[in-house]
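Feature annotations, reproduced from TrEMBL:
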type	residues	note
REGION	159-190	region 'Disordered'
COMPBIAS	159-176	compositional bias 'Basic and acidic residues'
COMPBIAS	178-190	compositional bias 'Polar residues'
REGION	206-271	region 'Disordered'
COMPBIAS	220-235	compositional bias 'Basic and acidic residues'
COMPBIAS	244-258	compositional bias 'Low complexity'
COMPBIAS	260-271	compositional bias 'Polar residues'
REPEAT	505-538	repeat 'TPR'
REPEAT	539-572	repeat 'TPR'
REPEAT	573-606	repeat 'TPR'
REPEAT	641-674	repeat 'TPR'
REPEAT	675-708	repeat 'TPR'
REPEAT	741-774	repeat 'TPR'
Amino acid sequence: MNKKHTNFSVLLLLIFLLILSFGGFGYYIYQSKLNDKNREIMLNEVKNSVIDRNYKKAYSVAKLLQDKYPQNEDIAMLTNTLAEIANSSPFESKDLQRDSANQILDKIKGQDNTKTNVNENFDIAFNNRYIKDSTITENYSDRNDDVGIEDEDISEFKKSKIPEKIKPNTNPKEEDQIIQSPNPKLSVNDQKNLFNLEKLKKNLSGKSNSENILNNSQKIENDKQNTNLSKEKNSENILKTPDNSKYSNNNNTTSLKKIPSNSQKESELSPPSQTIIGKIYRPYSYLIKKELYEILDDINTGRVTLGKNRLKELIKKGLSNKFQKVNELIENSKNKEASNLLLTLIKKDIEPNLINIPKDPYKKEIFQLDKEDKNPQHPGDLKSKVHSIKPIDLENTKSRQQAIKDLNEFLKNNPNDAQASKTLAQANKIQHLEDLKSKVHSIKPIDLENTKSRQQAIKDLNEFLKNNPNDAQASKTLAQAYENNGDLLKAENAYEKIIKLTNTQEDHYKLGIIRFKLKKYEHSIESFDQTIKLDPKHKKALHNKGIALMMLNKNKKAIESFEKAIQIDKNYGTAYYQKGIAEEKNGDMQQAFASFKNAYNLDKNPNYALKAGIVSNNLGNFKQSEEYLNFFNANAKKPNEIAIYNLSIAKFENNKLEESLETINKAIDLNPEKSEYLYLKASINLKKENYQNAISLYSLVIEKNPENTSAYINLAKAYEKSGNKSQAISTLEKIINKNNKLALNNLGILYKKEKNYQKAIEIFEKAIINSDIEAKYNLATTLIEINDNTRAKDLLREYTKLKPNNPEALHALGIIEYNENNNDQTLRELIKKFPNYKKNENIKKIIGI
C-alpha cells in the first residue's frame with residue numbers, strides 16, 4: 001500500500017514539474033516577444049525624433065536602448081552619432097550625421113538597404129524650391145547583395161548590390177556539326193584524307209595470321225579466328241588512298257552521312273568480320289586492333305548502331321572502360337567526336353600494347369620458337385610456376401600481366417586450386433587499382449562539367465581514395481567535382497583532408513572560398529588568415545577576408561583588410577570598390593566616394609561609376625553625380641532603372657528640368673508602379689510651375705502610398721500656387737495628426753494668409769510643442785498681426801538666440817523694441833551685421849542715421 005502511495009506521489013510531482021516547465025517556456029517566449037515589441041517602439045520613437053530634428057529626445061531614447069542592450073554595437077554607434085548631433089552647434093550642418101543615424105536605424109530594424117538619397121529640406125514657408133521627399137529615394141533596397149568576390153574566388157556566388165551587374169557578351173556555343181555525306185566532287189587531295197580501311201584490313205589480316213603462327217600452342221580459339229579471317233568478305237564500299245599515313249591524322253578525316261540501306265536496316269546487319277574474340281588481355285592481339293578499325297569503319301560509314309554494339313561486346317570481354325566514352329558520344333549523336341576519340345584510343349592505348357611479332361619469318365628466333373613448341377610446358381611446371389608467384393612479382397606491371405596470363409591458363413584445368421585462385425584475385429585487384437589510378441589521374445576539368453561524366457568521376461575517385469587516401473591530386477579532383485555538383489559540404493570536407501596532406505596557401509585559400517559559399521564566414525576568415533600566414537602578399541585572400549568581415553558587419557576590420565590588399569597592389573580596383581562599400585556601410589560617405597572614384601579611375605568599370613554617382617547624390621555633389629551616371633547609362637548593356645532614377649535626381653538638382661523629366665519618364669516606362677519615380681516627376685512639374693500636372697501626379701503617389709507625408713505637403717503647395725488655398729488647407733489638415741513640423745508651419749502660414757489668426761496661432765503652438773524653432777518665428781509674426789507685441793517680443797528673443805542670422809527676425813524684434821521704448825540697439829546691430837539687407841534704408845530713416 002505504501003509503495004503504491006509513493007508511486008502516485010512521484011507521478012504527481014512529475015506532472016507538476018512538466019506543467020511548470022511548459023509554463024516557464026511559454027513565459028520566456030512571451031517575454032522575448034514583448035522585449036522585441038518594446039525595442040521596435042523605442043526605435044520608431046528615435047526615428048520620428050530624428051525626422052523631426054528633435055535630436056536630444058532621439059539621443060535620450062537611444063541611450064535607454066543602449067543601457068538595455070549594452071552588447072549591441074549598432075545601437076552604441078547610433079547613440080554616439082545622436083550625441084554628436086545633439087551637442088553640435090545649431091549653425092552646423094547635421095545632414096551627414098542625420099543620414100548616418102537613419103542608416104544605422106534602418107540597419108537595426110532590418111532595413112539596412114534603404115537610404116534617403118536627398119536631404120530633407122524644411123522650408124519655413126512656401127517658396128520657389130520644391131520640398132524634397134523624406135521617403136526612400138536612392139532605393140538601396142533594390143540593389144541585391146552588393147558583396148561579390150572576384151574570379152575563382154567567391155565572385156560568382158555573391159553579386160553586386162547594384163541591381164544588375166553588367167555581364168560581358170558571351171558567344172553562343174557552336175552546335176555540333178551535321179554529319180556530311182561524301183562529296184563525289186572532292187579534289188584529289190581531299191580524297192587522300194579519307195580512310196582506306198579496306199587496305200588496312202588486309203594488312204591487319206596478314207599480321208593476325210603471323211600472330212597465330214607464334215601462338216598456335218596457346219589457344220585453340222585463335223586457330224579458329226585465323227580460319228575465319230581467311231574466309232572473311234568485305235561488304236563495305238571504301239574510298240581508297242595511296243597514302244596510309246594519312247589515316248592516322250585525326251584532323252584530316254572527313255565526316256560522312258549515314259548511308260541508307262534499301263535491303264535491310266542497320267540493326268539487322270551482321271558484322272563484316274567473322275572473327276571470334278574471347279576474353280581480352282594485355283598485350284593485345286592484332287585481332288583486337290583489326291576489330292576496332294572495323295568498328296571505326298562502321299561509325300564513319302553510317303552503321304553507327306552496329307559499331308556501338310560491337311564495341312560494347314568488346315568492353316564486356318575486357319576492353320578498357322576508356323572506350324565506353326565512344327559509345328556515350330554516339331548516344332549523344334556526336335558521331336564525329338566518337339570517331340576521333342576511337343582513333344585516338346587505338347593509337348595511344350592499343351597499338352603501343354600489341355604483341356611483338358618479328359617482321360622476318362626466316363629469323364632464327366622463329367625456328368627456336370617452333371622448337372620450343374615441340375616441347376610444350378608440362379602441367380607440373382606450370383603449377384610450380386604459379387605457386388611460386390610472390391607479392392613482389394605483382395608489383396611490376398610486366399611480371400604481373402605474365403602472372404595473370406599463367407594463372408588463367410592454370411586455373412582452366414585446375415579451377416579448385418585455392419592458392420592460385422587467391423593469387424589471381426590479388427593480381428586482378430592490383431591491376432584494377434592501377435587502371436583506376438591511371439583513369440582518375442587522367443580526369444580533366446571538362447570531364448567535371450558534364451553531369452554524367454562527373455558522377456562517374458566521383459564514383460571512381462571515391463573508390464580509388466579508399467585504398468589511396470593520401471593521393472592529393474585525386475583528392476583535389478574529387479573536391480572540384482563535389483563543388484561543380486553543388487555538394488559544398490562534401491567539397492569542404494575534402495579540402496579539410498587536403499590541407500592536412502599539403503598545407504599549401506592555395507588549398508587553404510580554396511577552403512576559405514568553399515566556406516564562404518556555405519556562409520560560414522568565421523571559418524572562411526580562419527582559412528584566409530592561414531593563407532595570409534603562408535603568403536603575406538596574397539592579395540586575394542586579404543580581399544576575400546574583407547568581404548567575409550563585411551558579411552559579419554565588422555566594417556572597420558574589413559576596411560583594414562582591403563587597405564592591406566591595396567598596399568600590395570596599388571592598382572587593385574576591386575579592393576577599392578569593396579572598401580567603398582564597407583565605408584558606406586560604416587557611414588563614412590566622403591571616404592566611400594573617394595574609394596569608388598579610385599576604383600572607377602583604375603578600371604573604368606560601369607558598376608563603379610554607378611556607385612560613385614549614387615554616393616555623389618547623397619553628398620549633394622550633383623554635377624559629379626551626373627557625369628558618373630551618364631557614363632554608366634552609356635555603357636550599360638540594358639537599361640537600369642535605379643541608375644536612370646538617380647540620374648534624373650542629379651539633373652533636377654542641376655536645374656536641367658527638361659532633361660530630368662525626359663530621364664524620369666524612362667524609369668517610369670521600366671517600372672510604372674514605382675511611387676518614388678512618380679513623386680520625382682511631380683516635383684519636376686511643380687518646379688516648372690505645371691501645377692495641374694503636379695496635382696494629378698502627387699494625388700497618384702498618395703493613392704499608391706498613403707504614408708508619404710511629403711506628397712501631401714507638396715500637393716498642398718501645388719494647390720496654393722494654383723490659387724486654391726482652401727484645397728491646400730484641406731490637404732494639410734489630413735496629416736495634421738502626424739505632427740510633421742513642415743506641414744504644421746505651412747498650414748499655419750495658410751491660415752495666417754487667410755487672416756484666420758487664431759487658427760494659425762493654434763497650429764504654430766502645436767508645432768512649438770514638437771520642438772520646431774521656425775514655428776516660434778511664425779507665431780511671433782502672427783502675434784504682431786493681432787498687436788500682442790509682448791508675447792511676440794519674447795518669442796523673437798528666444799528665436800534670435802538660436803538663429804541669430806535671420807535678418808527678418810532681428811528686424812521684427814528691433815521694431816518692437818524701438819516702438820516700445822525707443823531702443824534702437826537691435827536695429828543698429830542689424831544694419832552692421834547685414835549691410836546689404838533690403839530694408840536697411842528704411843531702418844536708417846526710422847532711427848535717424
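Using the three backbone atoms N, Cα and C, a Cβ is placed for every residue, glycine included.
Listed by sequence, the residues of this chain that lie at least six past the ends of the repeat 'TPR' (741-774) yet keep a Cβ under 8 A from its Cβ atoms are 52-54, 57, 122-126, 131, 709, 712-713, 716-717, 720, 725, 728-729, 732-733, 735, 781-783, 785-786, 799, 802-803. Across the range of the repeat 'TPR' (641-674), the DSSP-based residue counts are 27 helix, 0 strand, 7 coil.
Residues of the repeat 'TPR' (505-538) grouped by DSSP class, helix first, strand second and coil last, total 27 helix, 0 strand, 7 coil. Residue counts of the repeat 'TPR' (675-708) by helix, strand and coil are 27 helix, 0 strand, 7 coil (DSSP-based).
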